[in-house]
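Engineer: Sharing the features that TrEMBL gives for it:
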ACT_SITE  B:Cys243  active site, glycyl thioester intermediate
ACT_SITE  B:Cys419  active site, cysteine persulfide intermediate
BINDING   B:Gly113, B:Asp134, B:Asn141, B:Asn142, B:Leu143, B:His144, B:Arg145, B:Lys158  ATP binding site
BINDING   B:Cys226, B:Cys229, B:Cys301, B:Cys304  Zn(2+) binding site
COILED    B:15-42  coiled coil
DOMAIN    B:355-459  domain 'Rhodanese'
Amino acid sequence: MTSFRLVGVISIVTLIRSFKMLMFFCLFLRGGLELLCDSVKIHNVDLEPENGEKQLTMKHLLSWVRTNLIKERPEMFMKGDSVRPGVLVLVNDCDWELSGQLDTTLEDKDVVVFISTLHGG
Amino acid sequence: MESNSVSPAEIIRKIESLKSSKNDIERQISALEAQLEKLNCNDYGRITQSSNGEITSNGSTCPLVSSLGPATGHGLAPDMIYRYSRQLLLPSFGVQGQANLLKSSVLVIGAGGLGSPALLYLAACGVGRIGIVDHDVVELNNLHRQIIHTEAYIGKSKVESAAAACRAINSNVEIVEHREAFRTTNALDIVRKYPSFHAYKLPLVSGAALGLEGQLTVYNYNGGPCYRCLFPTPPPTTACQRCSDSGVLGVVPGVIGCLQALEAVKIASAVGDPLSGRMLLFDALSARMRIVKIRGKSAQCEACGDKAALNERQFQEIEYEIFTQTPFSTAPLKLNLLPLEARITSKEYYQRVVGGEPHVLVDVRPAHHYKIVSLPNSINIPLSSLEGRLPEISDALGNKEVETKEVTADSGRALYVVCRRGNDSQRAVQYLNKMGFNSAKDIIGGLQSWADDVDPKFPMY
């Protein structure tokens, strides 16, 4: 019971804060992708929506990541304006296929994880 | 032992002779076990070996006692009740779970870092039949993580080694050996031997581990996605790292392999809620496990979607290595980027060192590789930082006195570049040539060839 209430409280806070249009994201890069960003796995990102846009989208975030975080071999992360095959994108622990991929809108305190799938072992 | 008087050759000979006797004994044990197995199947009573090693006979030796014997109604033999008692005691698993497990078949593809713990647990917990597929042989550098194998099996088939370990733990389990790679051409034939499922509908417990991270999910289960639903397009080859290049901490595949066994046991015994439609991400360094929700089955999936028209023949004709652009063999990549005159063999390099040729040797491996082992008098400039560290090479070549802003490249000294296997050294020489270091040459085959052709005592990794 307690944990359900807690989740409710957090979502209300998120909603209120998102009106400020000041975005904080927590980005995680895993499965080797962190190697493209000086091996830093967690990035706190502070972004505002593009001119004329009401909300920030994953499309905007991706192009920002490519410009600002990826230090080498961008082809290991991107293909066209999306991620390359084999990279899973999770918005708040949920596959972005379920939230609209590039059109997924982001809110304050959202957590975005990019993960390169591993093979073998 | 009076070791002083025994020569190494003598010891090696003794080891070989003991190993050969050991093989003979193992063969005899297997034959006897098979004989015993047959006897157990007939009506004259069941012979089992009790836990204290004593041979006991139980079953229908006394008709009177037998007719008053315990009522069970689940078909578990008395020795099975005892062996699996700690699982039978679990209310959520119990007799039904165990009975399901005993009737199930599990095919384990790969007897490596993940397969090792998975196989040990699957054999121990009483899966009825276990198939093992692997084409590889056991190597010394496998043992830190592939815990099912022992030193005695180095150079031998992984399947043979894993099967022996599984049989040693639980002689009741049927172990099927497939000493071959799992390919589109043989996959269906292998899978068909595990008849409880339609080949395409097999639930797949998929695990991966590399470095200090692991991933786990269940595909093809109860309406969940298949692998191709999640990854319609294969990733580029360069995005796939391997344990032999990137390294792996032994326990990490161990953790994931254990979780794979757990998911397989849950599916086979029809107990609990398998990890379908979800993926577990394990970060060993920060001690974090995260379970994320992944997409469901895709109607457009080429393998399992509504319009998927993949028949058996088409499946067998898929050139998987071409489709994924990843060669099946574990042989390392061998680039050939440079003209012959920009290359030198490790033997030639050795001749030049012995001949006293003044030169600079740049080792372009990452720093943590260099710390493992390196050639004397080499300087370590990792390929990734080469661009910013050209002046160091220039200095080493003895060009320091030339005070210009431009990096001066050529001097009388020779410049050689080495790496682990001779790929990065070629990339480095290409770059150095472009930057005016025209005499730069790479050592063909890297430190590996130095170890193979010049100094067999040079430790390779």
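Keep in mind that glycine also has a Cβ here, set from the backbone N, Cα and C atoms.
Tell me about the setting of these features in this model.
Structural biologist: In this structure, B:Cys243 (active site, glycyl thioester intermediate) is part of a helix by DSSP.
Taking Cβ-Cβ distances under 8 Å and a sequence gap of 6 or more within the same chain, the neighbours of B:Cys419 (active site, cysteine persulfide intermediate) are B:Asp363, B:Val364, B:Arg365, B:Leu383, B:Ser425, B:Ala428, B:Gly446, B:Leu447. For the recorded site, B:Cys419 (active site, cysteine persulfide intermediate), the DSSP three-state label reads coil.
For B:Arg145 (ATP binding site), other Cβ atoms within 10 Å of its Cβ number 23. According to DSSP, B:Arg145 (ATP binding site) is assigned to coil rather than to any helix or strand.
Neighbours of B:Cys301 (Zn(2+) binding site), defined as other CB atoms within 10 A of its CB across all chains, total 19. In three-state terms derived from DSSP, B:Cys301 (Zn(2+) binding site) belongs to neither a helical nor a strand segment and is classed as coil.
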Engineer: Please name which of the recorded positions listed here, B:Cys226, B:Cys229, B:Cys243, B:Cys301, is nearest in space to B:Asn142 (ATP binding site), Cα against Cα.
Structural biologist: B:Cys243
Engineer: Name the one residue among B:Asp134, B:Asn141, B:His144, B:Arg145, B:Lys158 whose Cα is closest in three-dimensional space to that of B:Cys301 (Zn(2+) binding site); these are the binding-site residues.
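Structural biologist: The answer is B:Asp134.
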Engineer: Widest Cα span across the ATP binders B:Gly113, B:Asp134, B:Asn141, B:Asn142, B:Leu143, B:His144, B:Arg145, B:Lys158, in Å?
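Structural biologist: The ATP-binding residues span at most 18 Å between Cα atoms.
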Engineer: Near B:Asp134 (ATP binding site), which residues of its chain come within a Cβ-Cβ distance under 8 Å, counting only those 6 or more away in sequence?
Structural biologist: B:Ile109, B:Gly110, B:Ala111, B:Gly112, B:Gly115, B:Ser157, B:Lys158, B:Val159, B:Ala162, B:His178, B:Arg179, B:Ala181
Engineer: Taking the recorded Zn(2+) site as B:Cys226, B:Cys229, B:Cys301, B:Cys304, identify the other residues of that chain whose CB atom sits within 8 Å of the mean position of the site's CB atoms, giving them in sequence order.
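Structural biologist: Output for this site, in sequence order: B:Tyr219, B:Asn220, B:Pro225, B:Tyr227, B:Arg228, B:Leu230, B:Lys297, B:Ser298, B:Glu302, B:Ala303, B:Gly305, B:Ala308.
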Engineer: Roughly how many Å lie between the Cα atoms of B:Gly113 (ATP binding site) and B:Cys304 (Zn(2+) binding site), rounded to a whole value?
Structural biologist: 29
Engineer: So if I measure Cβ to Cβ from B:Cys243 (active site, glycyl thioester intermediate) and keep only same-chain residues at least 6 apart in sequence, which ones fall under 8 Å?
Structural biologist: B:Gly113, B:Arg145, B:Leu210
